[in-house]
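Have a look at the structure below before the remarks.
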Amino acid sequence: MTPRPDEVESPAGAARAPEAPGDTGPGTRESASPSGVSDTDSLDPDERVRPSWSESLARNATRPLGGPLGEHAVVGRHWFWTPLRVGLLLALLALVVSWFGKSACVQQYDTGDKLALDWRSSRPYVAMCYSDIVPLYTAERLDKPETFPYETSWVDDEGKPTAHTRYMEYPVVTGMFQWVNAKITAGWVTKSEEGWLPTALPVVIYFSISAFWLALAWLVTVWCTGRTARHRPWDAAFIALSPLVLVHAFTNFDTLATACAAGALLAWSRKKPVLAGVLLGLGIATKLYPLFLLGPLLILCLRTGRMKAWWQATAGAVVTWLACNLWLILLYPEGWAEFFRLNSERGADPDSLYNVVMKFTGWEGFDGPLPWGESPQWLNLVSAALFVVLCAGIAYIGLQAVNRPRLAQLSFLVVSAFLLTNKVWSPQYSLWLVPLAVLALPRWKLLLAWMTIDALVWAPRMMYYLGENNKGLPEEWFLGMVVLRDLAVIGLCVLVIYEIYHPALDRARRRVDEDPGGGVFEDAPDKFVIGGRKPRSGTVSDHDDVPGEPVPAPVGT
């Protein structure tokens, strides 16, 4: 039988760890904030979670520096280096490493009469530096001064039976982001020709400008997540060093969407549903996945009877999305619809479970071989149906669990369900899960294991694209890593569900009925619960990776 945290004794001769942060009583800063919500800037030392006490990964990492934080160490007194700022610094360093990882794909060489981009000898795959940003500069006609997204069209495969008209293929905010960066690039090139700025190929300048803004977006993601975590500000530092960031921060434009989603969760946690909705609407106009966060909000608002806040957030999202999209829908309907057309016609991507099953079993898929340009209707239907079924199961958990699930837990489950059932899981999509995973399941060793597996999928993917004839890897290696990644995500989902039903094991809570990111429904009584059972009450210990395992006392106490 696992002892309760308050029954666990310290090792002989060691000082006992202080009370759990949730035992600080009603007189703490929790009630001192004007909004009634504690902030990371106003935490008392005993309100902060010390990673070197609660995380064996952090505890082992501190040994070369003298070991875990002492019981009487002064915490939260430095005038500048707060945990969040340390996290931002680490994020900046990780982004620099990530940029250097992609820099091999923006090298130039002299052809004799001009500079050219050095993609010879399959460099993007050999160096594993591939980024969509580079080829999209010319593929989307962004290098042409007359191009305007969703208005400008071109013909792919001209003169062939597969010839078809193309437009900008990204959602509006992402498409306009690319266009603005292309215009900045054109201005840079002009000034460089005048001798005011260093010169380079336009595509190299374009990539660097895009990377700058994408890096800022990831810093916003880290900042917002650290603020949302409240008494776990060091989780932001863990996000900053994610292996997925090292590999995929500049693979595509997804950090723009993670910034919007993280900002929306922060706004909701500060009881600002309209602002949360505005940021979600902006995120939906950037990438589709922030739309799914409205589902967990609906479940928890329904459970607490706070539907007004959900309607406010939804209205904010709809108005913002329309403000971004409506003018393009009216002016260039065909160009605007390109994103939806391409996604409808797209088959099962190499990273999807459907492709894994087809390759390993010889199955031809739900639709069988299709002529070019025809949509895989059965695949689309099955993918959508599976996602709806999983969302229904998540809604049941959200309304049936004795203690109300946290918003981050349900959000992680919904986005994971989408990725697992979707016919496309581009490698950079895993960035969507990073901030949600840290908020939903703040167990560093487990998350690091998943992030490492997920990041390593990139290596066999690149080697598979290189081709066996070019000393690459066979497809089975890549598909095997895809299976491992999916199993890792499924395992995290199982653990999140387990902690929903066993809230005393949830590290993000200081009480079993607490939700640090709950916003308007934090501490609200349940109005609608399937089964009508009363929630349990109590506090949560600052436990280690194994529930009930004693936390070693700090070195030197």
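Here the Cβ of each residue, glycine as well, is placed from N, Cα and C on the backbone.
Taken straight from TrEMBL:
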{"type": "REGION", "residues": "1-67", "note": "region 'Disordered'"}
{"type": "COMPBIAS", "residues": "11-22", "note": "compositional bias 'Low complexity'"}
{"type": "COMPBIAS", "residues": "30-40", "note": "compositional bias 'Polar residues'"}
{"type": "TRANSMEM", "residues": "79-100", "note": "transmembrane segment"}
{"type": "TRANSMEM", "residues": "203-224", "note": "transmembrane segment"}
{"type": "TRANSMEM", "residues": "236-268", "note": "transmembrane segment"}
{"type": "TRANSMEM", "residues": "274-302", "note": "transmembrane segment"}
{"type": "TRANSMEM", "residues": "309-332", "note": "transmembrane segment"}
{"type": "TRANSMEM", "residues": "378-399", "note": "transmembrane segment"}
{"type": "TRANSMEM", "residues": "478-501", "note": "transmembrane segment"}
{"type": "REGION", "residues": "512-557", "note": "region 'Disordered'"}
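Between the transmembrane segment (378-399) and the transmembrane segment (236-268) there are fewer than 3 Cβ pairs closer than 8 Å, counting only residues 6 or more apart in sequence, so the two stretches are not in contact. Outside the transmembrane segment (274-302), and at least 6 residues removed from its termini, the chain residues within Cβ reach (under 8 Å) are 171-174, 177, 253-254, 256-257, 260-261, 263-265, 267-268, 309-310, 312-321, 323-325, 391, 394-395, 398-399, 404-405, 407, 410-411, 413-415, 418, 429, 432, 518-521, 528. Beyond the ends of the transmembrane segment (478-501), by six or more residues, the same chain brings 350-351, 353, 355-356, 359-360, 397, 401-403, 405, 409, 412-413, 416-417, 419-420, 430, 433, 437, 440-441, 443, 446-447, 449-450, 453-454, 456-457, 459-461, 463-464 to within a C-beta distance below 8 angstroms of the stretch.
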